[in-house]
Amino acid sequence: MERTRRLFFALDVSTPENAQAKAEIIRLKHTLSPLGQPVLDDNLHLTLAFLGDVSQGAYSSLCHAADKIDASVFSLRTGSIGYFNKPKILWLGIHPSRELERLAESLNTLSHAVLGTDKEGIPDSPRFLPHISLLRQVEASAINTISDAYKEGMSSSLTVQRFGLYQSAPHPTHKGVQYTCLNTWPLSAAKPTPKSDFPSYSLKDDHEL
């Protein structure tokens, strides 16, 4: 049987230009950590397209297809705290962004073309909700213990200069998973356009990452 790897496209929070935002996200995560199992600092990310188990041949094709993605640098802003009942994840929301949606849609489209199977998380699906997972194994009852101040989350700016293709595998020394970046693609160096007003969004259940 051909070896496969569990892959996904994502935005990495641990980039030099986002050091301040990552530090703020980590502080929020540590404050909420009594509610569940904190995601490792190095695992903080925003999923763009979940691909599932991918063969080596398909991986190479995905990389070639991703080379053709045409997108400019853009900015994101973090928002309020949310919760997925399945699989019990507490997350930090991201305000809607046309640039983010277009990038995610492009990656999901090429994934469909290369893999030839239906994948979850596509941006034109009501189940697509950009977020950064903070805690796992959080019981729904614990959400009521979060103060309103923390439920509002935080407002930090993230600059998106690149996206990556990641592998998810069991962590060799810790409980949980380890995310390894296999390849990255830079976005074109357009000046990010700051946004002052964002529409609200509703919470939805069930998301793999």
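Glycine is no exception: its Cβ is also placed from the backbone N, Cα and C atoms.
Per TrEMBL, the feature active site, proton donor maps to H45. Secondary structure from DSSP puts H45 (active site, proton donor) in a beta strand.
Mean model confidence of the motif 'HXTX 1' (45-48) amounts to 97 (pLDDT, 0 to 100 scale). Here TrEMBL flags 45-48 as motif 'HXTX 1'.
Annotation source TrEMBL lists active site, proton acceptor at H131. Over all protein chains present, the Cβ of H131 (active site, proton acceptor) has 21 other Cβ atoms lying within 10 Å.
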H45 (active site, proton donor) has its Cβ surrounded, within 10 angstroms, by a count of other Cβ atoms equal to 20
